[in-house]
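*Asks:* According to Swiss-Prot, the protein has these features:
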SITE      Lys169  site 'Important for interaction with integrin'
SITE      Lys177  site 'Important for interaction with integrin'
SITE      Lys179  site 'Important for interaction with integrin'
SITE      Lys188  site 'Important for interaction with integrin'
SITE      Lys202  site 'Important for interaction with integrin'
Amino acid sequence: MAIVPEPAKEVMANYGDNNNDLLFEADGPKEMKCCTQNLDLGSLRNGSIQLQISHQLWNKSIRQMVSVIVAVEKPMKNPSSQAFCDDDQKSIFSFIFEEEPIILETCNDDFVCDANVQSMECKLQDKDHKSLVLAGPHMLKALHLLTGDLKREVVFCMSFVQGDDSNNKIPVTLGIKGKNLYLSCVMKDNTPTLQLEDIDPKRYPKRDMEKRFVFYKTEIKNRVEFESALYPNWYISTSQAEQKPVFLGNSKGRQDITDFTMEVLSP
C-alpha cells in the first residue's frame with residue numbers, strides 16, 4: 001500500500017481555508033472546516049486527478065485523512081458548447097473506480113441438517129381406544145390392552161421437521177423410542193405402503209428429513225391425523241378389527257380409522 005508522506009511546513013503555510021471540503025474516513029465522508037491548499041484547477045489537464053491534503057486541528061495523520069478532487073472539466077475562456085452530463089460522470093468514475101463482482105455463496109444443506117430438532121415423546125391410540133404395539137421387529141399392530149399390559153404400548157418420538165407446513169398441517173416424523181426405527185412410506189406393488197425402516201442414529205433425526213419419513217399432523221378437535229407427505233391423501237390408519245397391522249390407507253372417513261388421540265409424555 002502506498003504511503004502519503006507528511007507535508008512540509010513551507011507547503012502547509014500556503015494553505016487556505018475552505019469550508020466545503022469533504023473528508024473521507026473509514027466510516028464515510030464528513031463535511032468539516034479544514035485548511036487546504038489553494039490550487040488552480042484550470043492548470044490541470046483534462047482527466048487529471050488532484051490530491052488535496054487536509055490539515056486538521058485534531059490528532060489525525062495524513063494517512064488517516066485525504067481528500068480526492070477529480071478535475072472533471074477544464075475551465076476555458078469560452079463556454080463549452082456541450083454541457084457536462086451524467087454520461088460524463090459515469091465515464092470518469094468508471095475510469096477511477098474499478099468494479100468488482102460480488103460472489104454469493106450458496107447455503108450448505110449440512111447446516112440445515114445439523115440444526116437442532118424439536119421433539120417430544122407421545123403415545124397414540126385410535127378413536128376405538130386401540131393401542132399401538134410392536135408385533136415383530138418391523139410391524140405395528142393396533143389392539144385393546146388390559147391395564148397390566150399398557151407397558152407394551154409404543155412410545156413415539158415425534159420430531160418437528162421441514163416441510164410445506166400451513167396453519168393446520170405440521171410436518172413431523174415418528175420414530176420409536178429406544179429403537180432405530182422410523183415410520184416411512186414407500187411404493188410396493190403400485191400401492192403406497194407404511195413400513196418401519198431402520199435408520200442410522202448418527203444421521204437421524206434431522207431438520208431436512210427425506211420425504212418418505214414426513215407426515216403432516218392435523219389436529220381435528222381432540223384428535224390428530226397423519227397424512228403422508230410423499231403420498232397426499234394417504235393416512236396412517238388402523239382397521240376396526242382387532243390385532244391388525246397399522247397401514248397406510250386412503251379411505252378417510254369410511255371403514256378405516258385415521259383419527260388418533262395423542263398422549264404427550266414429555267415436551
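Cβ atoms are placed via backbone N, Cα and C, with glycine included.
Remember, it's a predicted structure, so these values are computed and weren't measured experimentally.
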*Asks:* Give the distance between the Cα atoms of Lys169 (site 'Important for interaction with integrin') and Lys188 (site 'Important for interaction with integrin'), rounded to the nearest whole Å.
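*Replies:* Taking the Cα atoms only, Lys169 (site 'Important for interaction with integrin') lies 26 Å from Lys188 (site 'Important for interaction with integrin').
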*Asks:* Tell me which of the recorded sites Lys177, Lys179, Lys202 ends up closest to Lys188 (site 'Important for interaction with integrin') in space, Cα to Cα.
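*Replies:* Out of the listed candidates, the nearest Cα belongs to Lys179.
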*Asks:* Whole-number answer please: how many Å between the C-alpha atoms of Lys177 (site 'Important for interaction with integrin') and Lys202 (site 'Important for interaction with integrin')?
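*Replies:* Roughly 15 Å, rounded to the nearest whole number.
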*Asks:* Lys202 (site 'Important for interaction with integrin') to Lys179 (site 'Important for interaction with integrin'): how many Å between their Cα atoms?
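*Replies:* The separation of the Cα atoms works out to 13 Å.
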